[in-house]
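Note sheet for the following structure.
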Amino acid sequence: MSKKLLESIQFPEDLRKIPREQLPEVAKELREFIINIVAVKEGHLGASLGVVELTIALHYIFNTPEDILVWDVGHQAYGHKILTGRKAAFHTNRQLGGISGFPKIEESNYDAFGTGHSSTAISATLGMAIASQLSGDLTKQHIAVVGDASIASGMAFEALNHAGVTNTNLLIILNDNAIGIDPSVGALKEYLTKVNLDKTPDTDNIFEALNFSYFGPIDGHDLPIITENLEKLKKIKGPKLLHVITKKGKGLQQAEQNQVTYHAPGKFDAKTGEITQKDTSHLPPKFQDVFGYTLVELAKSNKKIVGITPAMPTGSSLKYMMKEFPERAFDVGIAEQHAVTLSAGMATQDYVVFCNIYSTFLQRAYDQVIHDVCLQKLPVIFCLDRAGLVGQDGATHHGIFDMAYLRCIPNLTLVAPRNEIELRNLLYTAQLGLQQPIAIRYPRGRGNILDWQRSFKKIEIGKGETIKKGSEVAILSIGTMATEVSQAINLIDTSRKEKVGHYDMRFVSPLDKSLLHAVFKEYNTLITVEDGVISGGFGSAVLEFASLHKYKNDITLLGISNHFPEHATTSQLKDSEGLSSEKIKEAILNKL
Ligand SMILES: Cc1ncc(C[n+]2csc(CCOP(=O)(O)OP(=O)(O)O)c2C)c(N)n1
Ligand SMILES: CC(=O)[C@@H](O)[C@H](O)COP(=O)(O)O
Ligand SMILES: [Mg+2]
């Protein structure tokens, strides 16, 4: 058997030694390599398969890492990682102690800029290109690879607007596969489709109107065509954009045909592409589905309800409402800032707006939350999915800051249900008519309750619940951390267990002051437990309360200390952050 070409490649300099006509064979091997490992280790699949040829061509034609290559989002950079020194480590992708699923500046000098959140690549690359210009380096190339859904985001447009009046060596590769995680949306998507079908006269070219030299569209799976175009572009000065048409999931039939599922399919058969089926019928629901199905239920009787998602209809399960009430559910694309202010606008007109955003992505719309929603006391209902530790996506995606960054905003109610039923009841309560905005945070994954579709009950705003009474140590938990706390208490022997009380505080803002006064008076020792950063979070709120009321109790805060947790399973992460039931038990025993 002939030796595989990929075996000879550790770094792009090895790739560049391979004759150009053999590059399609490298592409075939690289695809197989990605499929074989992702099939077992899981991760993002379709996006990387779609850019195999592009990845090879970029490293072949440009002198990376001297020429700078930035991947937007970075979920498509598996081929890039494999060709830049991480082939042997690729089986550790997204695992504890392994390489990151996204480009990471400290992982390799080929990862010019860390990513995970979308639409940052043009700004970052432009920054590098301007820096090169200032340093007098006029030959270095600066390349940003951006997807069709990501380029429609506000940040990308801001960068295009700036880049167009520079004379930098900036090359944007628009990787247009007409889909994000879900199908791309909006007028720009329609425009790109027209360009692709050659139905737009050149004078209308939107990128040329922004002073870019525009090239394409070209077939992004045809290596001779891509390499030829990149060679040509190397010699052209100033900002330029190459429009490349690719197919997400290219090379794996199932992934090409079912692009949404194969964005990140979990385990699958590398040969057939068949996803390893798990029987989930006996499992409790995912929190996202509790949101999605409950919203449909509520929207049936409350005609004022609308749902908004920035590009995550599948991940958030807003897709159920989009199917049932297409005129009242909106996917606005990767546009978190717009999603928030759009919600504010609709709320002024007395619509009951459920704006569902992953906790980590709401970070991008912080000013809109403060300035457009909370300052005006508009009763937008924020549903923050993926709050807490999310697992293998790692540092860029953990939803661990929301309690700290939202709790300080006046007029905003901040609540974390401890289970599916509470989430359902909070969604119900929120649409009954609130006088101010509310943020409901809940985690990735499943809960514990099978019969969660019970009749609705109103939840009193600002009221916590006593789960278990004790005498010496009170545990104050927020959200689904209640489960770990209950398990921790159950691990303690009966005589000491009785001394431990457990309170689900539910609301981070407003705090349940009467419950807190009672707890501070009954117990000497308090432990707060949260799946968020300690600085400024829920435990900090309890400390502020203690200070204000001059309580001198012993208080310990459990949560995430001042660092960025990496990628690993959520249970591994909970353990390393001191938030597993075992670690919480130890913290309790230390106090007994
Ligand atoms: C700010 C932000 N919002 C949402 C996401 C979630 N997300 C990850 S990939 C993706 C779609 C990207 O689509 P596109 O840019 O077309 O790349 P493709 O997956 O098609 O390669 C989305 C919405 C994100 N990473 N960052
Ligand atoms: C790259 C990205 O941002 C998304 O694909 C993200 O990984 C989705 O996360 P969930 O799997 O939690 O929906
Ligand atoms: Mg796309």
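Glycine too: its Cβ is placed from the backbone N, Cα and C atoms.
Those TrEMBL annotations? Automatic predictions, nothing curated.
When Cβ atoms from all protein chains are considered, those within 10 Å of HIS75 (thiamine diphosphate binding site) total 24, not counting its own. TrEMBL lists HIS75, GLY116, HIS117, SER118, ALA149, SER150, ASN177, GLU336 with the feature thiamine diphosphate binding site.
Sequence annotations record features per position, and here TrEMBL assigns Mg(2+) binding site to ASP148, ASN177. Under DSSP, ASP148 (Mg(2+) binding site) is assigned to coil, being neither helix nor strand in the three-state scheme. Residues near ASP148 (Mg(2+) binding site) in space but far in sequence (CB under 8 A, at least 6 apart, same chain), listed by position: LEU174, ASN175, ASP176, ASN177, ALA178, ILE179, GLY180, SER184, LEU188, LYS189, LEU192.
What TrEMBL lists as domain 'Transketolase-like pyrimidine-binding' is 285-449.
Counting only same-chain residues six or more apart in sequence, the Cβ atoms lying under 8 angstroms from the Cβ of HIS117 (thiamine diphosphate binding site) belong to VAL73, THR360, PHE361, GLN363, ARG364, THR396.
Confidence across the domain 'Transketolase-like pyrimidine-binding' (285-449), taken as the mean pLDDT and rounded to a whole number, stands at 98.
Other C-beta atoms found within 10 angstroms of the C-beta of ASN177 (thiamine diphosphate binding site) number 23, with every protein chain shown included. Among the binding-site residues HIS75, GLY116, HIS117, ASN177, GLU336, residues whose Cβ is positioned under 6 Å from ligand 3 are identified as ASN177.
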